[in-house]
Every structure is written in C-alpha cells, then in structure tokens.
C-alpha cells in the first residue's frame, strides 16, 4: 500500500500545475480562472524507486466566498485526517492571504507532517519574498516553480525521505482480495453482510458508518476470498458534510491492496461523476473490475429494455474501458449476490491467463496483415511477432516491430480490441508494449 500525499491550498496558487509537474502529466486542467479543478485528481508518482499516490484537492466557489472558504476548510480537514503527508501550497507573488492563514491554522493543530511549498518562485529574486511564510508557523518554505519545474526535485527528495513504511493489514495467505468500493451509502457493508450472513459491519442509512477497512474471509461454495469493505467514510463532525473526497481517499487505500474491485453503484441514481472517479482509480491501478448495480429491487416498472438502458448508459460513461462485467443485484433481497463472487473468480482467473506464443501469432498476424499500422510520415511499420510476458500482475504482451515509436495509441487500442475478441479478457486491463526487432 502506497503513501498518500495531498496538495492543499487556496485557489489559483498552482495546485493543479504542481500536480501535473509531479505526475509528469496534463491530467488536471490548469486555468487562470479560480476553481477550475472541480473533480478530485488522483495519480501515482515514482521518484528514486519510491511510488506514492498524490491527490490534487482542488477548490471552487459557489455563490459566495464564505461558501468557498467552508469548502476549502472541509477538504483540508479531510486531508489532515486521511493523507500521510500534506503539501500546503502558497503563492510567493501574492504573499500571505487571510485564507492561507485559515488553512495554516487548521494544519498546525494536527500531528501530521505538513510541507510548506512556496510556488511561483520562478527566479532567485523571489526566494527572499518567501520569508514572510515563516509567519504561518509551518517551518521552512520550499521554493519551487511548478510551471518550469525548478525546486521540485529537491521537494520530492525531502518528501520521500519522510515516508513511513506502509504495512498492509491483508493476511499473508495467498488468497485473492476483493475490494468492494463505491461512494457512501451504496450498500457496501450490506453486500458483505448478505454474502457472509453476518452483521460483521455496522450498517445504517447514514452514509459512512463503516469505520475501517475490514478483511472478511469468505469460504463457501468452493470460493475463497478476502472481502474488503472500503470503509465509506470515518467521519468526524467537522467533516461530516463532505463525504466524496473522504470516501475516495479511503477507496484508494483498499483498491491499491486488492486484486479485484467490485464497484457498487446505486440503481436509483445510475452512474454518477463520483462513480466515474472511483472507476478511473481502479483502472489506473490495473485491478480486475466488476460493476454491480445495487438496489435493483428499488427500480419500479422494469421491462425487458430496462437492463439494456442501464447497461448502455454505464458503458457510455466508462468508454473506452467497456469490456467490464455488469451485474444487476440487490444486497437487501440477496438477488444475484452469489453471481458477483462467481464472476469475480472468473475475472481473477482471467488475470492469470497464459496464451501460447504460437497461438498469439497464428491469430493476430493475419489480422495485422489485413489492418496494418498506419503509414506515418512515409514510414511503414511492420509487426513481426508477438509474445506474452511472464511474471506480470496482469496479462502483458510485447509486439516486436521495426519502428515501435511510430505505433500510436489508437492502433494499440485496435490490437487490444482484437485480443479481447479472440480471448476472453473481460474485466481485466491488459498491457501492450512495442519493442524494436
């Protein structure tokens, strides 16, 4: 399980720019307008052999500054409670503001490592101006420029030097771990209770009554798993109104330590933005995935087209990752709950699939010959053969060709789709690599 780092700060100090710099991506939208980060951005960072998870907490305003400040305070409080280390970003050009002081006051109360980061220090002349941030009472400011990258290497060095070794509480026995994930109050604990016939987890109508990730051994009907409840939220009064960010942080912890993820969504709401956020986290962690539409018993006036309509809506929202099993179930009535575990076992087995090299080439090379990679700037790419890598967590394949750099994402997606058509790879991501031969 990785350490989690949260970036917090008032609007327009460069949180998303720093997030993009550290993750070497353009995942977070960056704009001069305040509040452009409306969804919680999540990614992984690798530095000097250390991998950690990072979250851009964003921040946006609705109607008034007071509501905005309240929202920021909630997110900072959640970060304090759930993240391992906090990067508190301030703006050296505009200096200390009242909102900076409010956030600093919240951070000083907790026994959590806070690294004060003075952003927009694009030249040495601005370094001296960061001295005013000592008044925030959070130690030495690290001068960085997220826009050009200066100082970020030193920041990462200091960051990883303060990581604690994460100990996963998953039992050591080699049994697949299934994380049941989803936004608060979709029925995660109810599903585990229904499967085990035990009131192992506290269940109420209040979102977030599960207090910790709980590993429950399931050993029935020839199936053996550890079921992991992702804990909804563990709310303190001061953060009770903001469950989305909290539940996503908790989901990250369980997703990273699982083999298969069951993403529960609420049938009465279909698939929402928060469901897509968690879906994306599962994809980035390359976990097996099953989507379960819970509370199906609450849908009235169902007809033969109802399931098709729901399934089509889900696949449109999750595209291009559409090769995912979808099960319509009810933890309350126990309808199709055991099918969930049967499919989970199938997905787990698919992740272990080994396809002979001869079979791969016999099927794929004629397809490639019929639909070769596009000619790029007069360069003709010729794929010569393909083989599967061994000792990988998910099915991974290497295509040997003369010009690997000229094969772009759309053609890789074409190859993936062809592989999914010819081999049952439902529910698991696959890796496709190009190598020169």
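Each Cβ is built from the backbone N, Cα and C atoms, and glycine gets one as well.
These come from Swiss-Prot:
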DOMAIN    3-167  domain 'EngA-type G 1'
BINDING   9-16, 56-60, 119-122  GTP 1 binding site
DOMAIN    176-352  domain 'EngA-type G 2'
BINDING   182-189, 229-233, 294-297  GTP 2 binding site
DOMAIN    353-437  domain 'KH-like'
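In this structure the alpha carbons, written CA, of residue 296 (GTP 2 binding site) and residue 57 (GTP 1 binding site) are 33 Å apart. Cα of residue 121 (GTP 1 binding site) to Cα of residue 182 (GTP 2 binding site): a span of 40 Å. Here the domain 'KH-like' (353-437) has a mean pLDDT of 94 out of 100. For residue 182 (GTP 2 binding site), the count of additional Cβ atoms within 10 Å of its Cβ stands at 25 [all protein chains shown].
Secondary structure by DSSP for the domain 'KH-like' (353-437): 31 helix, 20 strand, 34 coil. Classification of residue 188 (GTP 2 binding site) by DSSP places it within a helix. Cα distances from residue 57 (GTP 1 binding site) to the binding-site residues 182, 185, 188 are smallest for 182. Taking CA atoms as the reference points, residue 15 (GTP 1 binding site) and residue 182 (GTP 2 binding site) are 26 Å apart.
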